[in-house]
Amino acid sequence: MEEAHNMREISIREIVVNHAVLSSCIDKCGDCFASEAARIKFDNDIEAIFELKRKRNAVILAHNYQTPEIFHGVADIVGDSLALARKAIDVDADVIVLAGVHFMAETAKLLNPEKTVLIPDREAGCSLAESITPEDVALLRQAHPGIPIVTYVNTSAAVKAASDICCTSGNAKKVVEALGVPKVLMIPDEYLARNVAKETEVQIISWHGHCEVHELFSASDILQLRENHPGVTVLAHPECPPDVVAAADFAGSTAAMSDYVTTKQPKRVVLLTECSMSDNIAVHHPDVEFISSCNLCPHMKRITLANIRTALEENRHEVTVDAKIADPARRAVERMLAI
C-alpha cells in the first residue's frame, strides 16, 4: 500500500472518531477521549503538527501499523516497509519524520543522507532487528563461504552493511530468485525464510529470529476463526509460522493484504497481523466485515500524535548512521530497490 495524503486543516476527529468502521480502534484507545480536555488536546496536536510541517518543510512517513489518527490524520505518505523505502528516495522536504520503528528511520536516513530524519520515540525497536548482530552475520559468512546473504529490512543499518542485499516481505521471493544462485542465506526471520523456501527452488538457509507479533498466531487460531465466522477469508503475513500461512487463504505483505481486500472484496475477512492494519484499511471498505483477531506491536504503539508534535517542535530524536556502515548498508538497500 502506498498513498499520499494532502489533508485540509480540519478537525481530524470528525474523520477518526465519528467514522463507524474505526469504532474498534477508538475502543482500543481507552481513555484518550474520556474528557473534553483530551479531545481538545487531540485537535490541538493535529493542528500543531500541520503547522509545524509547513514551517519546517517536513513530511511524515507512516507505516501501515500506525494508529488511524496518525495514518489517516497527519501522515503524508503511508505504506509497508518497501513502499516507504521507495517513497523516501523521492521525498521533497528538509525533514522526514518516520512514524514507525527505528530500522525504518535508519533506512530513510540511508536513502536521504542530506536530510534530517526524526523518530518520535528512540525506543521504538523491533524484535527481529534485535535478534541478530553484525558479529552474527560475520560468523554466518565463515560458516557458509560464498553464499549470498539476503537480509530482511527489519534489521539495523550495521547488519545491512554486513549483508549483500536487502528484502522485504513483499519482494523476498523476487530478490532471492534475482540473485541467480542455488543457495542463499536469509536473515533474520526464520518464518519468512521458510515460507519463501516453499515458493522457490532456491535453497534457503535461515536464522532464528521471529516477529513477536506474528509468531503468536497459530493454525488452531484459524480453525477457531473459521468455526466462529463461517465463510471468513483469512489473510496471513509471511512472518507468521509456516503452518499458519498454509492454513490461510492468502499470505502476503501488508501491502498485498490491502490489495487483496481491494480487488477481491471478501464479505468477511480477518488479517493475521498487527491490529492497526485492519483499522486503517477498513475505512476504505465499508462493505467488508473485518473480524478482529490481531496482536498489538508495542514498538509501533510507542509513536503518538504527542511525540510526533514534540519531534517537530524540538528536533527530537534525530537519526544518524555511522559513516563507516552507511555506504555498504545503503548499497544493500539500493540493490533491493533496483530489482
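Cβ coordinates come from backbone N, Cα and C, glycine included.
The structure displayed is predicted, hence computed values, not measured ones.
The iminosuccinate binding site annotation in Swiss-Prot covers His63, Ser81, Tyr152, Val153, Asn154, Ser169, His237, Pro238, Glu239, Thr254. Residues annotated as [4Fe-4S] cluster binding site in Swiss-Prot: Cys126, Cys211, Cys297.
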* Spatial neighbours of Glu239 (iminosuccinate binding site), counting only the binding-site residues Cys126, Cys211, Cys297 and Cα distances within 10 Å -> Cys211
* **Whole-number Å value for how far Cys297 ([4Fe-4S] cluster binding site) lies from His63 (iminosuccinate binding site) (Cα to Cα)** => 12
* To do: Using all protein chains in view, find how many other C-beta atoms are within 10 Å of the C-beta of His63 (iminosuccinate binding site).
  => 27
* Structure fact -> Same-chain neighbours of the [4Fe-4S] cluster site, Cβ within 8 Å of the mean position of the Cβ atoms of Cys126, Cys211, Cys297 and not counting those residues, run in sequence order as Val101, Ser127, Leu128, Asn154, Glu212, Val213, His214, Glu274, His299, Met300
* Structure fact -> The number of other Cβ atoms within 10 Å of the Cβ of Asn154 (iminosuccinate binding site), counted over all protein chains shown, is 28
* **C-beta crowding around Cys297 ([4Fe-4S] cluster binding site), within 10 angstroms** => 23
* What is the Cβ neighbour count of Glu239 (iminosuccinate binding site) at a 10 Å cut-off, with all protein chains included? -> 28
* Asked: By a simple count of other Cβ atoms within 10 Å, which of Cys126, Cys211, the binding-site residues in the record, is least packed?
  -> Cys126
* Asked: Rounded to the nearest angstrom, how far is the Cα of Asn154 (iminosuccinate binding site) from the Cα of Cys211 ([4Fe-4S] cluster binding site)?
  -> 9
* Tyr152 (iminosuccinate binding site): tally of other CB atoms within 10 A of its CB -> 28
